[in-house]
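Data block below; observations after.
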Amino acid sequence: MDKSQGVLLSSNVGAGSRPWPELLGSAHWDGLLDPLDLTLRRLILLCGDLCQVTYDSFNSDSHSRYCGSCRFSRATLLDRTQFPAAGDLSVAAYLYATSDATAFPGSMVYSMSREAWSKESNWIGYVAVSNDAAAAASGQRVIYVAWRGTIRSLEWVDVLKPDLVDHDDILPEGHPGRGRSRVMKGWYLIYSSTDERSPFSKYSARDQMLAAVRELVARYRNESLSVVCTGHSLGASLATLCAFDIVVNGVSKVGDGAHIPVTAVVFGSPQIGNPEFKKQFEEQPNLRALHVRNTPDLIPLYPSGLLGYANVGKTLQVDSKKSPYVKRDTSPGDYHNLQGILHTVAGWDGKDGEFKLQVKRSVALVNKSSGFLKDSNLVPESWWVERNKGMVLGQNGEWQLEGPAEENLPVPPVVTGKIIDDDVAAVATSSSAKEGKKTGKGSKLLSGLIDQLLCVPDTCKAGAA
């Protein structure tokens, strides 16, 4: 039985497919987007489902003590979310973020409990890598960085202030973008902020990510390596920023050799920065971005060029209105829904072509967290839910929220070692964009080796959280 849902498996890479560098945009996807190349289509769906894992595993119930955390351990994340390529990847690290609630309303959720696991941090994504079997089958060792988007409604668009700020803190000394390249404050604070009050945010999401990617690049330096950053909505902005960061700070450089390719594959992305950021991004020879955009979705138009923003990378434009499976009259949020976009990718045959599923992918996935499908498909709305919303009947006869099993409890990231090498990029020391105990400085120079941040199931004891 085909359970791949159309995503790229290690067994699909090789004979009959375009070379891996081309799929990652080495030639800017010339000749691959219209018509949409089959292997690239599968890679896009793989990235989309990596993003979906962040939604399916995120605890957003404010009644739970563990609201804002991931429901599953690294060892079980992909299996528990029924990720179709779970047999090909191992989750190496979890990423946690903190941010001032006023910087990006709706980006963080917190428990109402006085005994909450954290009052300052949220799980924001993960780093995964091809396991040994998949790398051997495909000839590629791929590091994936998946960022979670906001789980709130699109009301955040009305209240989010699109202020542009410099990101000199994450640019090396002497970089031509310093003082000129600017990104949206909301994205940047989530990416680069720390909070000493939280053991999960003593290091920024950025620091956690860079440490994880650097260690994996060092571990697999003798193999054919690449990095793919992916995200949807807010996560798309973080993925684009993170891909840029990896390249300009030399994390993609293998020893004294060349830089490995780094690609952002993003969905429904708001605009990230000003024209100078776009220029600096697109001038990097080993850096690419592919933005999958649904035509009726308005979020990619935000904040707009009128406010000083510019689009980054190549765009694959699809249109969900061509699908015969979805409603014609629907809410704006449905056009932005990730599974709606992935469904459209699965059946896309160009602007003038007929919509027809080109890979086997369940139509029911569209309604995973929406009501976008026509009622005639007989699929209930928003069907991906915890059984009884996590309520269980206790031995005392009382119904109560069930806490996570011990192996699924949140574990603070431990980062030791240099996040940025001194001889590759110097860490800027400009003032923080935030006040108080939270800081927006993107990097910390630490001594020693990276330790305990990563636990890849291929090499670590089974069952590690």
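Keep in mind that glycine also has a Cβ here, set from the backbone N, Cα and C atoms.
Long-range Cβ neighbours of SER233 (active site, charge relay system) (same chain, at least 6 residues apart, Cβ-Cβ under 8 Å): GLY149, THR150, PHE267, GLY268, SER269, PRO270, ILE299, HIS336, LEU338. What Swiss-Prot records for SER233 (among others) is active site, charge relay system, and it gives similarity to another entry as the kind of evidence.
Taken residue by residue with DSSP, SER233 (active site, charge relay system) is part of neither helix nor strand, so it is coil. Per Swiss-Prot, active site, acyl-ester intermediate is recorded for SER233, and the stated evidence type is similarity to another entry.
Look at ASP297 (active site, charge relay system): DSSP puts it in coil. The annotation active site, charge relay system is assigned in Swiss-Prot to ASP297 (among others).
Around HIS336 (active site, charge relay system), taking its Cβ as the centre, 23 other Cβ atoms fall within 10 Å, counting all chains. What Swiss-Prot records for HIS336 (among others) is active site, charge relay system, and it gives similarity to another entry as the kind of evidence.
Around the Cβ of ASP297 (active site, charge relay system), 23 further Cβ atoms fall within 10 Å across all displayed protein chains.
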